[in-house]
Amino acid sequence: MGHVVADGCQDKRTINNTLRERLDLHVIEPYYISEKLCFDEACTERIPYTAVHTGTQNSNQSAIQWLNIIIIATAWQYKMRGQSASFCPWIITNFKRGNLSSNVDSSTQTAASIVGYTIIGIVSLFGNVIISVITLQRKTGRTPIDILIFALAIGDLIITVTIPFVAVVSLNSVFAFGLAGCKLLFGVRNVAIYASSFTLVVIALERYRTTFDLSRSRRDLRQTTVLIAITWVIAIGLTIPQFIVLRLVTYPGVGIYCLEVWGNDTIVGRKAYSLVLFCLTFAIPFITVTVSNIIIFHKLFHAKGHSSTNQVRLKAKGQVVMVMVAVSAVFFICLLPIYMINTLADFQAITYTPSVVALSEIFTWIAYSHSMWNPIIYIIGSSKMRKSCKILFKIEKHETSIHYKGEQNTLSRNSLKKQNRLSSNNKIAPLIASVPADELVSVRS
């Protein structure tokens, strides 16, 4: 039979229904606690609470009612400490352990988490390392887009490195890496996410610039590098408040968490910060990238080139744009759910009930998965990247080519030598000599 040991504290406490409605906290039946927990209540005594599920709803009515009171009082304490009342780690932890849900098997949930994080981590690590190596090996003919793709890969690798630590915390409900690890782990991860968002904006604007000014030379690689540095500096600046408020919070009998702890006088500031963060790192980049790509597509598919050369160049640009649109779409789609649920929680528009916690866990997986999709998109959508992968793994031999800037036709060095030997009047040499030196670029195909 369900029972409650309250040490006489139940008679000393009065918590009215208005408080419960204000906090908007609910216990959805049949969720029960199956372990002994202690909380500091308003009556100053430490109250051990035990509710045993006997299989019938009626026999547990007193336990359920007392459970409601404890949750309300505990959440009220969180609110007095400056934390969101809707963010109750006690509920979250016990749900993740399987103690609050009769519908979720703990071992199944743990196995799914391990498999999910492992797949994301391995694919992301392997894929982004390959992209980084290919970009670095391309010594000549490197474009601004190549540099920006490399920056995205580095950001994804940083996010990937944090996955094992987040997985351990998620499975064990204990953050065992210290305060420095708390600030470093989540701070650096968020910096990488914000920087990637800004990098996608730079890519969209770069494609816009080159699409509407075919005669203009490419942006200097040094300028592109400076832009990337600026995006990372801005990302670090936006993350500074998180570095300041991140703390290790211990809940007796529950676990140790790395949480943002805001004081009573900074609740409004927290909401403002959450809103600014959502706008600057998600909403504005999403709108900018979307509008830029729509305009670019309209230009490419309705352009009437004055020459076959321009038509070929527009087609090539369209292929590049398609790949980058896919990369941008995956990024924003993967991050939208977790952005929404976190922002709504900060504004107390939702409560972390077990079902919301389950969704949050799934959304976290989806958010992390964005780091593994980019290499896959590059390989599928870019013939140049596929060829570079074959060369990297010795599947295909590398052949250096001579390109005329703005032209798609190339003459390999071997073919050029052969034609020179066969030509009695040496017509190829004058052709090459007539091209300015700065118009010849040797690149890796």
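Quick reminder: no glycine exception, Cβ is built from N, Cα and C everywhere.
Marked as transmembrane segment by TrEMBL: 114-136 (among others). Listed as Cβ neighbours of the transmembrane segment (114-136) (distance under 8 Å, sequence separation of 6 or more from its ends, same chain) are residues 142, 146-147, 149-150, 153-154, 156-157, 159-160, 163-164, 166-167, 170-171, 365, 368-369, 371-372, 374-376, 378, 385, 388-389, 392.
Annotation source TrEMBL lists domain 'G-protein coupled receptors family 1 profile' at 127-378.
The transmembrane segment annotation in TrEMBL covers 148-178 (among others).
What TrEMBL records for 184-205 (among others) is transmembrane segment. Only residues 6 or more beyond the boundaries of the transmembrane segment (184-205), in the same chain, are considered here, and those with a CB under 8 A from a CB of the stretch are 145, 148, 151-152, 155-156, 158-159, 162, 165-166, 177, 224, 227-228, 231-232, 234-236, 238-239, 242-243, 246, 258, 281-282, 285, 288-289, 292-293, 296, 324, 327-328, 331, 335.
The transmembrane segment feature in TrEMBL is assigned to 226-245 (among others).
The feature transmembrane segment is assigned by TrEMBL to 272-297 (among others). Within the same chain, residues 193-194, 197-198, 200-201, 204-205, 207-208, 211, 235, 238, 241, 318, 321, 324-325, 328, 332, 335-336, 339, 342-343, 346-347 sit at least 6 positions outside the transmembrane segment (272-297) and bring their C-beta atoms closer than 8 Å to a C-beta of that stretch.
When Cβ-Cβ distances below 8 Å are used as the criterion, the transmembrane segment (318-342) is approached by residues 145, 152, 193, 196-197, 200, 203-204, 207, 211, 274, 278, 282, 285-286, 289, 293, 296-297, 300-301, 350, 356, 359-360, 363-364, 366-367, 369-370, 373-374, 377-378, 381-382 of the same chain, each at least six residues removed from its ends. Per TrEMBL, transmembrane segment is recorded for 318-342 (among others).
What TrEMBL lists as transmembrane segment is 362-381 (among others). Counting same-chain residues at least six beyond the ends of the transmembrane segment (362-381), those with a Cβ under 8 angstroms from any Cβ of the stretch are 116-117, 119-120, 123-124, 126-128, 130-131, 149, 152-153, 156-157, 159-160, 163, 166, 170, 319, 322-323, 326-327, 330-331, 334-335, 337-338, 341, 389.
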### Message
Need one number: mean pLDDT over the domain 'G-protein coupled receptors family 1 profile' (127-378).
### Response
86
